[in-house]
């Protein structure tokens, strides 16, 4: 079969990265091979994010650039590429995408992209403006192909999708649907596959991954803790992680597992969004700051070395200076290793967008600057505390310099070392940390590994 080129540009979360890999796997049997050169692509897929307005508008900006590429092809007498908008912008905006960008051929949601081969074949037969936004989570997981392209040393596996929490700022329940978990056998089989292909580390993915409740042997329902213990038995799998978690789903078994399972890394992303009880209630987060502090304390009791990460939103409607100070207070009390912070972005269709007490943009910007200064200071302090220590680093990619490779610590810090023959790629190695910056560490190979 003559190969055709497939170009995928991915926006947003790790789930989208995973979905893009699965799209490659879906289309490979039909003769489509991935390319990083958009100009040679027969099919162009934008796998999109709708979590913030800026992310959504990036899709339309990129589509404008693709339109110019299509026009150039036409002038040169070349065939046009098939253009697909996939992911959460597709789910949220649907037919509006065809109105704004009529040259798009296919709009497909995150729960129905397994139909891409059929949709693309219809476009080849000159059908236009095809759309599939069905919410059938069971069908998606049942239709996902087995891995064809190795993910490398670190692999993502989707185990849970959707969200039932309905935070008032968030589009996920509307774009990804209700919470649904893959069955244990599917997850275990995929984990065996990626490990046999060379993965040393697996990151389990879900919008609310710690709400996982998949069906296991004898129809037993497995919690996330059960699933992690099951996967930890796989030979040659050395590291396990999971993302993203909701505080209210951090149950006792999962917290205890952080203290008993050595393959479960001592790093947890646990978004809190705000430190103000008033704002947490307005966000419909279903917990208060005291509950969050209790979870953090219990995690640190179970595993004293655990390092935490979080998400924060500043400028949610009704946020006062006092509310913002509560957020700063929470940050200073918890002390994070790294964090992500954003200005509130009203999303159409969410309750937050209809609130009348929106915060002026300049105040959002001021608060974000103050918060990020605090978070960056904490991140730098944590990185600097690692200097002089020996850390186990999983090397997974080349650096920008010819003799450089990059790995990550158990705490998700990037570590740069000199390794001219690249002999340590794919290995976990003891590295002495010699230097720290805000975003990375520098290290040296211990004599025993030379």
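One-based numbering along the chain as shown.
Keep in mind that glycine also has a Cβ here, set from the backbone N, Cα and C atoms.
As the structure is a computational prediction, the values presented were derived from the model and not from experiment.
With helix defined as DSSP H, G or I and strand as E or B, the domain 'MTTase N-terminal' (4-125) counts 66 helix, 25 strand, 31 coil. Residues or ranges marked as domain 'MTTase N-terminal' by Swiss-Prot on the basis of sequence analysis: 4-125.
Taking a C-beta cut-off of under 8 Å and a sequence gap of six or more, residue 88 ([4Fe-4S] cluster 1 binding site) has these contacts in its own chain: 12, 16, 48, 49, 50, 51, 109, 110, 171, 172, 175, 176. According to Swiss-Prot, the [4Fe-4S] cluster 1 binding site annotation covers 13, 49, 88.
Sequence annotations record features per position, and here Swiss-Prot assigns domain 'Radical SAM core' to 149-381.
Under the heading [4Fe-4S] cluster 2 binding site, Swiss-Prot lists 163, 167, 170, citing sequence analysis as support. Taking the Cβ of residue 170 ([4Fe-4S] cluster 2 binding site) as centre and 10 Å as the limit, one finds 21 other Cβ atoms among all the protein chains shown.
The domain 'TRAM' feature in Swiss-Prot is assigned to 384-447; the stated evidence is sequence analysis.
Between the alpha carbons (Cα) of residue 163 ([4Fe-4S] cluster 2 binding site) and residue 13 ([4Fe-4S] cluster 1 binding site) lies a span of roughly 15 Å.
Same-chain residues that are not part of 13, 49, 88 yet have a Cβ within 8 Å of the Cβ center of the [4Fe-4S] cluster 1 site turn out to be 11, 12, 15, 16, 48, 50, 51, 55, 87, 175. With respect to their backbone Cα atoms, residue 13 ([4Fe-4S] cluster 1 binding site) and residue 170 ([4Fe-4S] cluster 2 binding site) stand 14 Å from each other. Sequence-distant neighbours of residue 167 ([4Fe-4S] cluster 2 binding site) (same chain, 6+ residues apart, CB-CB distance under 8 A): 273, 283, 284, 285. The residues near the [4Fe-4S] cluster 2 site, meaning same-chain residues not in 163, 167, 170 whose C-beta sits within 8 angstroms of the mean position of the site's C-beta atoms, are 165, 166, 169, 171, 172, 173, 207, in sequence order. Across the domain 'TRAM' (384-447), DSSP classifies residues as 3 helix, 34 strand, 27 coil.
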